[in-house]
Amino acid sequence: METSSPWPPRPSPSAGLSLEARLGVDTRLWAKVLFTALYSLIFAFGTAGNALSVHVVLKARAGRPGRLRYHVLSLALSALLLLLVSMPMELYNFVWSHYPWVFGDLGCRGYYFVRELCAYATVLSVASLSAERCLAVCQPLRARRLLTPRRTRRLLSLVWVASLGLALPMAVIMGQKHEVESADGEPEPASRVCTVLVSRATLQVFIQVNVLVSFALPLALTAFLNGITVNHLMALYSQVPSASAQVSSIPSRLELLSEEGLLGFITWRKTLSLGVQASLVRHKDASQIRSLQHSAQVLRAIVAVYVICWLPYHARRLMYCYIPDDGWTNELYDFYHYFYMVTNTLFYVSSAVTPILYNAVSSSFRKLFLESLGSLCGEQHSLVPLPQEAPESTTSTYSFRLWGSPRNPSLGEIQV
């Protein structure tokens, strides 16, 4: 947890010192300039990238149902809300002007509530997406029946409702108060800060639960599910015949996020097990291996991004909570002050890089994203729809796309 002055107040401030000295805040000008530049870059790229992602989801594929579009929309809206609401307030009242807090008690509670809401919504959305992908890869036939756009909308609605409930306590334990009193016992207006209002014991319990629910458990679940997904896909791919086998081809691009592609792959396996000539299967080659490796790397990158960006943030919160008041030396105060700004910067970076992850996951999304970007930059390029699916035939190839719905054989065609 933190205040608009990230340094805990000194036990016995001297009345002869300036207010900033009495409250323990001394941010160097170089640090203010540096973090302002970093915040500005994150804000510019994050808002532009996520806003364009929302535009791509809502406009480029309007009228076409799809589940992944809802996950992308949920993550992009969460990132936009965090960047637009929290970052400007923090830059002003946490980096440049620590005292007094200028946004009022409601602004203080709202700032922390929005930040917690977006954190919960992001990590739970990523976990739900990983769960859907795991089911789609490991049980493609069942996933085709169970995973529908309507159920995905309900799941993400539940994610946001749960995030609202989990973030509400933050609006209770945080608030505005005056840290310093004048000689006549009246609160000094210039010492108004946004800080913790509850006891240390209550704060410790809250932070423990918060770190567990908003970081450790969802991230562990995401890593576990992604690990199962990668291992299962590797096992499937290992069953592809070598170049000497008398079969023609497997799909040339196997995207990890396509259960339709996995369904086609399962169909091929069943056909092959019967000794039937698999005319839709091509030999394993280097490009297919690179495609599989790319898909696995994307899933690992999603986990790595959130570990790198969020672990220091939560470690710093635990540090603030568990170091006793008499344990804060001048050196520790100084370290925490700048560590605070570094961890919050990383926290916002996680919101800015989500469009990069979308583009890494899907070449189709990347194409639409770049076309939208080009049209907004004045280039004479319209959003070209993805190629229509080829007519059904025994010689057609499968298309593996984030948004795609390639034709798959019916259950009757794959029964053994």
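Backbone N, Cα and C atoms are what each Cβ position is placed from, and that goes for glycine too.
Only one of CYS108, CYS118, CYS134, CYS309 is recorded by Swiss-Prot as the disulfide partner of CYS194: CYS108. With respect to the membrane, Swiss-Prot annotates THR27 and CYS377 as residing on opposing sides. If you compare SER182, SER396, SER410 in Swiss-Prot, the phosphoserine annotation sits on SER410. Taken as a whole, the topological domain 'Cytoplasmic' (56-64) shows an average pLDDT of 64 in this prediction. Every protein chain considered, the tally of other Cβ atoms within 10 Å of the Cβ of CYS194 (disulfide bond) stands at 26. For the recorded positions CYS108, CYS377, the largest tally of other C-beta atoms within 10 A is found at CYS108.
The stretch from 65-87, 110-131, 155-176, 338-358 that makes the most Cβ contacts under 8 Å with the transmembrane segment (217-237) is 110-131.
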